[in-house]
Every structure is written in C-alpha cells, then in structure tokens.
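Colleague: Below are the structure tokens for one structure; questions will follow.
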Amino acid sequence: MGNRGMEELIPLVNKLQDAFSSIGQSCHLDLPQIAVVGGQSAGKSSVLENFVGRDFLPRGSGIVTRRPLILQLIFSKTEYAEFLHCKSRKFTDFEEVRQEIEAETDRVTGTNKGISPVPINLRIYSPHVLNLTLIDLPGITKVPVGDQPQDIEYQIKDMILQFISRESSLILAVTPANMDLANSDALKLAKEVDPQGLRTIGVITKLDLMDEGTDARDVLENKLLPLRRGYIGVVNRSQKDIEGKKDIRTALAAERKFFLSHPAYRHIADRMGTPHLQKTLNQQLTNHIRESLPALRSKLQSQLLSLEKEVEEYKNFRPDDPTRKTKALLQMVQQFGVDFEKRIEGSGDQVDTLELSGGARINRIFHERFPFELVKMEFDEKDLRREISYAIKNIHGVRTGLFTPDLAFEAIVKKQVVKLKEPCLKCVDLVIQELINTVRQCTSKLSSYPRLREETERIVTTYIREREGRTKDQILLLIDIEQSYINTNHEDFIGFANAQQRSTQLNKKRAVPNQVIRRGWLTINNISLMKGGSKEYWFVLTAESLSWYKDEEEKEKKYMLPLDNLKIRDVEKGFMSNKHVFAIFNTEQRNVYKDLRQIELACDSQEDVDSWKASFLRAGVYPEKDQAENEDGAQENTFSMDPQLERQVETIRNLVDSYVAIINKSIRDLMPKTIMHLMINNTKAFIHYELLAYLYSSADQSSLMEESADQAQRRDDMLRMYHALKEALNIIGDISTSTVSTPVPPPVDDTWIQNTSSHSPTPQRRPVSSVHPPGRPPAVRGPTPGPPLIPVPVGPASFSAPPIPSRPGPHPGVFANNDPFSAPPQIPSRPARIPPGIPPGVPSRRPPAAPSRPTIIRPAEPSLLD
C-alpha cells in the first residue's frame, strides 16, 4: 500500500473525527472523507458490504437509508464493529449491526420513513478491509412512498449536498450499468458541487445485468462519457445470491473471474473490481487528506487559541487528574488575589476600555466626590455669620466687649470641624461599596464553583466590614485630634492682623476669571424639543461663565452663560431615559437661555452628575435647596448689627475661613492615606496571605469545589476538547513531509453531464468500438461501428482525445479508412474481441494483416482485411 506514513493519515482522521464527534464538533471541521451517492437500488449497499466482507446494512423496498452512515473501516487482526453512541459494546454478529442501525435510525427519525441529517458513526475492524472512511447517504428518490413527505426528494438532495459540498470530501458516484448514465442524478449532484471533477470518482455497478450483446467498455475506459478520475466497474451479488446466503468472499472471487473472462473487460481487469476500488479510494483519500492537512491544522490552531482563553486556569491539568480540585482551588484563589490587586492598583495588560475599574472609581471618590462633599459645607455664609455674632454676644454677656474674643473663634472652629465627620464617613462608605463591587467582579471567574464563590465573597466582605469599623474609628480620631487643639501658630494661618485687613475687602476673593475648571460633553434636554429632541454639546466651565460649543475643537461657540445668580437643582430622571439630569436656573427669575427659565443638562451616569456639581461648586454655583435654607435663616436675622460687632464678625469669619481651610487641606490629604492603609492595603494582604486558610477552615475542600451538573459537564467537555485539539495538532505535526502524492488526472470534457439532451438514452451501451480519422471531429460524419484495426497501447493521449458522441444500437458497418496510423490512441492494450474458438492465452498483439476477430454479437463475421 505504499508509504506507511501515508497509510497512517486515514486512522488519524478517524481519531480526530471521533474526538470531535464526542463533543458535538464533528460538523464544524471538514474532515476528509468519501461520500457515497447514488439512486435507490443503485448498488450502494452492496459496494459497501463488499468493502467490509459482511452483510450488515439494512435492505428493503423504498427508502431504507434515512440517516447518513459514517463508516470507518480499520484494518485489524480481529473482526468486530463499534457504534459511537454505544462504545462499550462490541458487535461480532453483523446481523445485530443491521438491527442496531435500524433501531438507531428509528430512534431519531421515527417509523414514518422520514429522514435526518444526524449521522450514525460506525467503526468496523476487520482483517479484510483497507483503511477507509465513507459516508453512506440516502438514495435519491423522486416519488414519495407511503407516509413519506411530499418534498422527500428535496430533503434528500439537501442532505446529500450538505455532505458533498465540503471541499474536503471525495464523492463516490454510484450508477448501475443498466441505467442511462447521462441522466445519472449522482453525477449531476457531483457536477453541481465539483465542476472541475477533482473530487468525483465514478463507480459502475451491475455490469453483469446489461443486455446481451452490449457492454460498458467505452465508459470504463473513460472515453465515451469521461470523468476526470474515471470509472471503476464492480459486480455485486444479485438479490438471488443474497437470499441464497452467497458468501461475499465467494462473490469477490466470482467478480474477479467475470472481469478476467469477459472479452470486453479482460484487458482492464487489473483496474476493475472491488479490490481495485478499495485501493483507489484509499489512495485518493490519502492524497486528499495530505492536501487538506494545512487547512485542517490552521482550523485546529484557531479553535485552540479561542479555547485557551476559556480554559486559561485549567489548561495545565486534565479532568481525570486526582489532584485537580486542589490545584484548581489554589490557582483560583491566587488568580482572585491577582485580579483584585490589578483592579485596585491598575495594570497595563488587559485594560478595560468600557468602564472604570475599582481603583479608578476609588480615585474619583478621593479626589472628586470627597472634595465635593467638603465644598458643600463651606458656602453656608449667612448661617456662619449669625453663629459668629451669637458666639461673640454670648461670650461678652452683660458686658460690652472692646476686643474680638478668641473664644468665639475657637467655638466656631470646633463646630465647623465636627461637621467634617459626615463627609468623611460618607467617603468611607463609598470606598467600601466599591471594594465589595470589585470583589464580586473578581469572583465571577469562580462561577463554576458556586460554593467557593459564595464563601470567598462572604469571607472577604466580612473582613472589609471589620476594617470599616477600624477605619471609621481612626478617621473620627483624626477629627477629634483636630478639634482638641486649635493651632493659631500654623504657618498658613492668617492671624488677627491679616484678618482685620482682609475684613475691609468683604471676602471678594474669587478664582482667576479665565481659569478653566472643567470641560466635557453634556446633553441639553430641553433646548431642541421642537427640533427633534435633545442635542449634545461640548461644555467649558470657567470661574465666570459656562460656554458650549459644537465640538471639542471649541471653534464654533453656541452660547456663553455668565455664572452670576445661577443655582443648581436636581431633576428627576425621565421614565424612558437612561440619562441622569440636573438643571441650572437664575435666582432672579430671569430666562437663562432665550425663552427658557432653566437649562436641563444630562449625563450618562450619576457619577458624572456629581462630578459636574462639584465643578460648579468650585465656580461658586451652589445647589438650590441649601440656598433656600440660607434664605430662611436670613429672614430670622433681619436685625441690624452695630459697626463694631460687624467688624468683629468679619474678623472671626476670616479667621475661621483660614483655619477651616487648613483643616480641610489636612483632612483631604489624610483621608485617602488612612483608607488605603487601614482598609485597601490590609484587604489585599488578607486575600494574598490569609484567605486560603479561612477557606479551608470554613469548609472542607470537597464541598468548596462542588460544581453544578451543568457547569461540571461544560467544564469537562471544554477541557476534553482542549486536550483533543492539542493531541490532534501534535499528531499532525509528526507527519512525514516526504510523503509523495499521486498526481491528479488531467481535465476532461465533462459537459455531457449538464447537456444530456444531445446524447442517446443508452450512451454506455457499446456494441462495437469505432475509430475516427485524424483531424476530423466526431460530428463531421456519422459513427461507423466495427472492430478496431489495430489495438493501441494505453497512453496519456487517451485523456486528451475529444469525447466520442453517443450512438444508437448496434448495426453493421465498415471503416472508410483502414490506415492503422490514422486512428487516435485507444485505451485497450489488447484486441477488444476474441473469437469463441481462441483460448484466453492468445497473444494480445497481431500484425496489421492478421484477420480481425468477430464481435460477440456476430461471432462468425469475417474480417474486412481478409
């Protein structure tokens, strides 16, 4: 059978096919195989049974094969059969194989003669077969029988096309010799998907059932109706032989005797019969597999790469590894710690571009949300002045004070410091929420183990809650420390002298007018209601104005809105809107923009809204509700202050403002540090060094690594497929590159398959061969049946000769030209006819003057050259 490495290619495909069929991936890989196509009663079952040497396929009238049968023939010293759907059972009785095929077919298709594209996988081991992989497809039928659906013809054709359309499949087109070959549905379907004829092999059956006096010699020699890969003739058992229990091996011997003894086929007997068909198919399949290996390897590598992402944490061990659970637990806990640290600290690899990570969100809390909460408590100007005036008066009592009391300053400062507790504790709560969300995101990879995920989240969350208490205690301690001693000697404190000088300026300190506080996209909800809805603009917020532009290039300014008398109010989110909205309005009831009393600005998230509010606060635009409270307080303090008290209030006001700014600066600096040290860093250390111990102490390993049935099945299938892919790639990589392929035959003119109307009803019937003069096409003159003058050896030129047109039945005739050199090359290497009296051992070549032998039809007819 040639190179041993080439023969091992076909078992390789069988191994790959089983590996992927077991996990439902067989149809996704175009594994090289041979598809057997033919009409009903064309002899497909007999051909397949001759391969195996056993009777095992269902037989009967009508459509019998209703599901594709993937038949893998494997050379083995022992003979048995295996089905993929019941691998544990070996069939040694082939009658049971037939019954199992029928039962498995009925299990899927029912008993109403329906069909199904789901294949039946059957492997047959035998010392009498070559390594072949074939697919037996349902026979082509025209008319439904019994309960078959009306579109049974189209269903079968669709199923056949589904298998033979693959570029990696060879097509075995089976046609009986007693049927019109030009109208063969098998060849037509093969031509439809394989117009070049590279994948089609013709098989002619029932040669022994042709009408007396006719033969298929021209067809088998690939001269009359040529195919690129030619035809192979076989002789199967008749129904009488099958009923008479004629042994297949005996039938193969009878087939061999038929070709050796038949006058029309004996010169090509070595290229006919089931054994030669086996060898030819094995050779063609081996060549095809070798050509398909690069694409197959590429597909396997592509699937392996996509699968590696899913089994990253499991790829180093197999499902049957006894230490798999321990390895998985250790690896998952370690990976959880790495993922948590990356989400908090940030990482350059696998950066999420869709949303902010936990660390980025915590950073926004530290530097945007927390300062925003601090700024909100700084603007209560009227309440602060009222409290200062009350403190001064209460300290003086019945006396009239001449100097500004420093006790009033300390009392007001301590009261302001106490107000820092609320935003500080709120900051801790926000960070805790982000930490818990980060933990849940990192445990998503543990979804295969619900118990492990639940315990991990519980243990880490409990630890975070424990650190929450210590962190809040430490922050309250910091505030108490600030409150315990007022350090008026601080280098940043303005002192009484500077406070009195600054009191004459009436606190006119403002930001730099042209300083840009924030830029970004915002949607104006109510500016284009009459023009089709909201519109997005590029906004620029400075210390004095709010401007918006068409785009971020800031070339086309739409409008500039001064910040004087502007306030912010919250707007309820619309029922059908995903945006978060806040509004800007004028406190003096003036239109803000054109005829609008307020402008509604929308953001994608509440975080963006809070960030924009903090920016407006820095620009001096405050929320509405706080301003309303201030106005209520102002109504209660309509009393007039004397000039001396007013100067004292202003002085203490400036002192308080200066000292509170120092405290705020200190708190803004210490809050992130305290939270990082006591909560975040400790949580990271706990996950790395203590989480595993807590997991082992909370439950045993078996309960932690329990999987749901679906998750376990999916995981095992994924790992099995991953290792099957790696094994397949390793096997393909070991194939010898020195394998020599059999060259593909040259192209032939096979247009006869499409244009069948120009041929006779029985094109394969050949009474006597005819020879045409050189240089003249067959269509110039009618055919002149008769024996050839000189047999010409087989040569490549026989494939390049123009196809001989079909001709009517036999009739006597003579050649117009008897020049032996004028005839084109012929396929046979010996005379086509032997007289009855000449024994089989007569030499195959005779001189031109020798008398020609009569044909089978006219055995007594003398040669014209006598």
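Keep in mind that glycine also has a Cβ here, set from the backbone N, Cα and C atoms.
What Swiss-Prot lists as GDP binding site is S41, G43, K44, S45, S46, R59, G60, K206, D208, D211, N236, R237, Q239, and the listing cites similarity to another entry. Taken from Swiss-Prot, the feature domain 'Dynamin-type G' covers 28-294, and the record attributes it to sequence analysis. What Swiss-Prot records for 515-621 is domain 'PH'. Swiss-Prot lists 649-740 with the feature domain 'GED'. The annotation phosphotyrosine is assigned in Swiss-Prot to Y231, Y593 on the grounds of similarity to another entry. The region 'G4 motif' feature in Swiss-Prot is assigned to 205-208; the stated evidence is sequence analysis. Annotation source Swiss-Prot lists region 'G5 motif' at 235-238. Look at Swiss-Prot and you will find 737-866 tagged as region 'Disordered'.
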Colleague: Are there any residues at least 6 positions away along the chain from Q239 (GDP binding site) with a Cβ closer than 8 Å to its Cβ? List them or say none.
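Modeller: The list for Q239 (GDP binding site) is empty, so the answer is none.
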Colleague: For a quick check of packing: other C-beta atoms within 10 Å of the C-beta of Y593 (phosphotyrosine), how many?
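Modeller: A count of 16.
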Colleague: With DSSP as the yardstick, break the domain 'GED' (649-740) down into helix, strand and coil residue counts.
Modeller: 78 helix, 0 strand, 14 coil
Colleague: If one looks at the chain holding D208 (GDP binding site), which residues at least 6 apart in sequence have a CB under 8 angstroms from its CB?
Modeller: V235, F258
Colleague: Give the mean pLDDT for the domain 'Dynamin-type G' (28-294) on the 0 to 100 scale.
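Modeller: Looking only at the domain 'Dynamin-type G' (28-294), pLDDT averages out to 82.
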Colleague: Under DSSP, is Q239 (GDP binding site) helix, strand or coil?
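Modeller: The three-state answer is helix.
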Colleague: Starting from the Cβ of S41 (GDP binding site), draw a 10 Å sphere and report how many other Cβ atoms land inside it.
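Modeller: Looking across every protein chain shown, the total is 18.
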Colleague: Measure from the Cα of Y231 (phosphotyrosine) to the Cα of every one of the recorded positions S41, K44, S46, Y593, then give the nearest.
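Modeller: Its closest listed neighbour, by Cα, is K44.
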Colleague: DSSP on the domain 'PH' (515-621): how many residues come out helix, how many strand, how many coil?
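Modeller: Looking at the domain 'PH' (515-621) with DSSP, the answer is 16 helix, 48 strand, 43 coil.
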Colleague: Give the number of CB atoms, excluding that of Y231 (phosphotyrosine) itself, located within 10 Å of its CB.
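Modeller: Cβ-Cβ neighbours of Y231 (phosphotyrosine) within 10 Å number 24.
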Colleague: In the three-state scheme derived from DSSP, which category covers Y231 (phosphotyrosine)?
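Modeller: In the DSSP reduction, Y231 (phosphotyrosine) maps to strand.
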